[in-house]
Amino acid sequence: MGKNVVVLGTQWGDEGKGKIVDLLTEHAAAVVRYQGGHNAGHTLVIDGEKTVLHLIPSGVLREGVQCLIGNGVVVAPDALMREIVKLEEKGVPVRERLRISPSCPLILSYHVALDQAREKARGEQKIGTTGRGIGPAYEDKVARRGLRIGDLFHRERFAAKLGELLDYHNFVLVNYYKEPAIDFQKTLDECMEYAELLKPMMLDVTAELHQLRRAGKDIMFEGAQGSLLDIDHGTYPYVTSSNTTAGGIATGSGVGPMYLDYILGITKAYTTRVGSGPFPTELFDDIGAFLAKRGHEFGATTGRARRCGWFDAVILRRAIDVNSISGLCLTKLDVLDGLETINICVGYKNQDGAVIDAPTDADSYIGLEPVYEQMPGWSESTLGAKTLEELPAAAQAYIKRIEELVGAPIDIISTGPDRNETIVLRHPFA
């Protein structure tokens, strides 16, 4: 029998999911994206060559792996085609390997215009979105007025729906935000061009996944962003617009929870966050700058500098519960090399002095102070280590303490950006 393995982020995104998905797809027949859009940025390094993916699943660089985009993903046709062409220029036969659900909501120019106009209007109170139209596209979906990829192949029906949508959204853009209107004919013509390009890649992804499952094939489910950015379970309102936690798999792919065999939670050996929102362990000192520089902490999608802080066991415990995590993958351990002491956040202290667990909304984080447990660092290099025994004793103790604090095993340790710089203690597909 095949196994269905999930890879998802347990922090605020940017945990290193792309590398791990790429590593594990050696065993998979298919990789499926089930939520988010091209706001994701998954970086792969193979033999020193770097590839950044936004919409296309991270298995695309492996021959014989089918890459699927499930119905829960919002698709910007222009961004998708740019990504396809860029990979094809490197010799990757993307159109042979990629199939897309016609039920995916479309991100069009008016979604991008709305997203950017809102962030501009919020000023200092902005959420910190990527400005790529993700939120407005999900809003249209939930309001049951959105256009889907499948609509592209019925020109008259598409044109009628597009006209109604532009009447609605242009009214807001022009009258409320004082921004220019989106042109109907230009948008329609562009969409019809994309229709021709996308049609050969259409597939009932849900049916395909169940066919693969019944045939005993291994399937990888690739999450985007991180658990603390989940629309329901994250630090609301500083969240994304989809369910980044395990619940999003069933709704975004059509594969129910009973069929999921192993859920791998990816966590950095420290913590980062992009954009606005609470971050209890954030560092504003030289160590924060050290982590950012050593870890190359700049967003793969936006290029924005990431905020850096100590490892937070509190948010990880919440993520483990919410996702039913089977095991963890600890990434970027090598970034901590050379630090004399390392702190782990074990709780939050409120203004009354009581130690509490993770709050459920952003406002409740105000006034909380992290409670730290200090551990010795290590001077030796962990970069490229392939076995646990190669790691310094202090690094092994750090890993063991994290396991104790969060109540989940660390099954994989990443010791560098390349797919081969990895220690696998328990393989998810085993």
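Just so you know, glycine gets a Cβ as well, placed from its N, Cα and C.
Per Swiss-Prot, active site, proton acceptor is recorded for D14, and the stated evidence type is sequence analysis.
What Swiss-Prot records for H42 is active site, proton donor. Look at H42 (active site, proton donor): DSSP puts it in a strand.
Swiss-Prot lists 13-19, 41-43, R306, 332-334, 414-416 with the feature GTP binding site, giving sequence analysis as the kind of evidence. Around the Cβ of L333 (GTP binding site), the same chain contributes A269, T382, L391, A395, I399, I413, S414, T415, each under 8 angstroms and 6 or more positions distant in sequence.
Among the features that Swiss-Prot reports, Mg(2+) binding site is placed at D14, G41, with the record citing sequence analysis. Of all the Cβ atoms in the protein chains shown, 28 others lie within 10 Å of the Cβ of D14 (active site, proton acceptor).
The IMP binding site feature in Swiss-Prot is assigned to D14, E15, G16, K17, N39, A40, G41, H42, T130, R144, Q225, T240, R304; the stated evidence is sequence analysis.
Using a 10 Å radius centred on the Cβ of T302 (substrate binding site) and all shown protein chains, the other Cβ atoms total 17. Here Swiss-Prot flags A300, T301, T302, G303, R304, A305, R306 as substrate binding site, drawing on sequence analysis.
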Cα proximity to G13 (GTP binding site), best match among binding-site residues G41, T130, Q225, G303, R306 = Q225
Can you check what DSSP calls L333 (GTP binding site), collapsed to helix, strand or coil?
-> helix
Rounded inter-Cα distance in Å - R304 (IMP binding site), G16 (GTP binding site) = 16
Within 10 Å of N39 (IMP binding site), Cα to Cα, which of the binding-site residues K19, T302, A305, R306 are there?
-> T302
